[in-house]
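Here TrEMBL flags B:73-266 as domain 'ABC transmembrane type-1'. Positions annotated as transmembrane segment by TrEMBL: B:7-28, B:77-101, B:122-139, B:145-165, B:245-266.
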Amino acid sequence: MSALTLQNLNLNVDDEIWLDDISLHLEPGGLYTLLGRTGAGKTSLIRTIAGLEDLDGGRIWHGDACWNGLAPWRRPVAMVYQQFINYPHLSVLDNVAFPLRRAGVGADEARDRARAMIDKVGLSAMVARRPGALSGGQQQRVAIARALAKDAPVLLLDEPLVNLDYKLREQLREDLVELLAGRQSTIVVYASTEPSEALQMSSRLLLMEEGKVVQEGRPRQVFDAPASIGAARVVNDPPINILSMTLDTDAAEVESLGYFPLESLFGAARLADIGEAGLSPGQYYIGLRASDLQLAPEGRPAEVTLTEVSGSETITHLDMAGCHLVLHERAVVNHRVGSQIHVRPRLSTVFVFDRNGALAHVAHPSRGQD
Amino acid sequence: MKTLYLAIKYLAILVWSCFVVFPFLWALTTSFKTANGVTGGATWIPWLQYEPSLHGWKTLFGGAGGTDITGPYMNSIIVTGSASLISIVLGTLAAYGLSRFTFKAGFVRNGDITFFFISQRIMPPIVLAIPFFLLLRQLGLLDTLAGLVLVYIALLLPIAVWVMVDFFNNVPRQLDEMAWLDGCTPMTTFYRVILPNSIPGLIVAGMFCLIFGWNDFFFAFTLTFTNTQLLPVAIVALNSSVTPWWSLSASALISVAPLILLAFVVERFLSRGGLAGAVR
C-alpha cells in the first residue's frame, strides 16, 4: 500500500495556467474529493495523475516509484470519465473483463471477476448486452464496474455522476459509497462540482480554484470554515452571499442590509472580544449563506430577479439596492419575478473575510460568542 | 394528409427505382438479343417480342469466335483486390496516426500531410501516367500484375487515408484514453478497440477503393500491352467494326456484378451505427 505524492505540479496549455504548483499527499484508504467549479483544474489534475497530460513541472510519486514519463498504460490507475465511456463492440461482461485480460488474467478468471463486479453494480441481467443497448445510468455503471474490477491502487473518478438526472445521480451516489467502502488499499480521487456530494462521500476535501488547491481538510471542517471567499463560494450551493462590511467599534454597516450592533452580528459587544485575536475597525467582507437569509415583513425590500424550484426547495435571486442576494427556503414558494419581498439575515453563521478575501472570523451569534 | 404524404413518398421511390433499375434491365435484355433483336426497337419480353439468344454471353467466354474475358476478369480481381486491401491496411494505419498524433516537421503539420495524400488525386491522370510508365519500365514491372498493383496502391491509398482520417476524427479520443488506462499500448488500442469500432469507415473506404480500382481504364490501358489485360480494357477490345451490343451488355453486367454483390453484403454493417454506446 503506497501513498500518492504530488510535488509542485504545474501544467500550462497555450500560455494558460491549468495547474499551479499543486502539492498533495494522498494516503491509501482515503476518498479525496476535488471540489471546484468548472475550469478550476479538477479534470486536469486527474488527467495528470493518469498520465494523460504532460506536466510542465513537478513530480508524481507512488510510494518510491516516480510516475513522471510513465505511459498511462503502465500506471496502476483506473478512471471513470464524466461521459459514459465503454467499448461499444464488446458486451457488458467483456467490457468489465477487458482491463483484467489486458493485465494478463486468464479468460475464465477475468470473466468470473467481471461477473462478480457486474453483480455488485446491479447489472447481472445485462451481461450479454452491448453498451449501446443500455440507458445512461446503466452505461455509467458498466464504466464504474470496469474501473473497480481492475482493482488499481489509484482510482480516479472525474465527475462520474454529473451527466445523470437527479434521481439517478442520488441512487448511483449511494451505490458508489457502498462500492468504495472497505477499499483500504485504494486511493480514490473524486472530482465534483457539488458540495453536497463532497460532504456525503469524501474523507478529505480538496478545494480547487484557478488551478490551485486553495484548501484541504475534513469536509465538515472546510464547510464550516472556508479559508477564503473563493473557498466559501465553492463549498456553498446555493451560492453564499458576499457583502462588503464596514466594521466600527460598536456596530457594523453591511452593504444593502444596513447597520447591525456588534452583539447581533457576532454575539460579542466589543471588537476585542471577537475571535482569538479580535477584529479591528475597518473594511471587511461578510459571508451569509443563502439559508441564513429569511423572509421578514420588517426586513429590507428586494426585487425578485429569478426563482428556481428544486425538489421541495426554492432558491430566489434578489436585487437589493443594486446588490445581488440569494435566498434559500426549504419550501416550494412561487415568488413572482419582478415582485418585491422583504428579507433580513437570520445570523446563525456569519463569515468575516478580510480585504484580501481570507477568512478572519466565523461567528455563530445565535449560539453566543465563539 | 398522411395518406397523401405516403402516396407521394411511394411514388417518389417508384420513380427513383425505375431510374436505377432501367439501365440494368436494358443491358440484361440486350445481352440476350441478337443483331436483329437490338435493331428491332425497344423490346422487353423474351420469346414474345424477341427471340432470346446466349450468343452475347458465349462470345465473352471464347465461344462463337469471341474473346475469353475470364483471364482479364481474374486479373482485375487480383489487381483491384490486392491493391485495395493493401491500401486499406496502410491507409488505415496512416490515418490513425494522422488523426491521433501531432506531427511537426518544419512548417508541415498533420493537415498538410493529409492534404498531400489527397492532392495525389487532384492531378489529372495523364500527369501521373508518364512517371508511372517510366518507373515501371525501370523496375521491369511494365505490363505485369505486380506493376499494376503498385500503381493502384498509389492511386487508392489517398482515398483510404482521406476517408479514414475523417472517420477516426469522429471516434472520441476518450475511447483511446480509456483503452490506455485499461492497459493497452497505442498499437493494441488501435487493433483491439479502434479498429473493431471502425468497420463502417473501413467498408466505405474499401468500397471507394474497389470501385475506383475496378473501373479504372486509363492506367490499365497505358501501363499494359499484351501480357496483362484488365477487364475494362478487355471490354473495350470487344468492340469491332460492328458494335456487338449483346456482348458489351453481357460484359457490362458481369463487370458490375461483383460490386453490386459486395454492396449488398456490406450494407448491413454500414447501417449498424458502429459507435453507439462508445461515449454518451
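Cβ atoms here come from the backbone N, Cα and C positions, even for glycine.
Note that the coordinates shown come from a computational prediction; the quantities given were computed from them, not determined experimentally.
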The transmembrane segment (B:7-28) versus listed stretches B:77-101, B:122-139, B:145-165, B:245-266: most Cβ pairs under 8 Å: B:245-266
Positions on the same chain near the transmembrane segment (B:145-165), where near means CB under 8 A and six or more residues out: 75, 78-80, 82-84, 86-88, 90-92, 94-96, 98-99, 114, 117-121, 128, 132, 136, 139, 198, 201-202, 204-205, 208-209, 212-213, 216, 219-220, 223-224, 228, 230
Within-chain partners of the transmembrane segment (B:245-266) [C-beta distance under 8 Å, separation at least 6 from its ends]: 24, 26-28, 30-35, 37-38, 53, 55-57, 59-60, 66, 69, 73, 77, 203, 206-207, 210-211, 214, 231-232, 234-235, 238-239
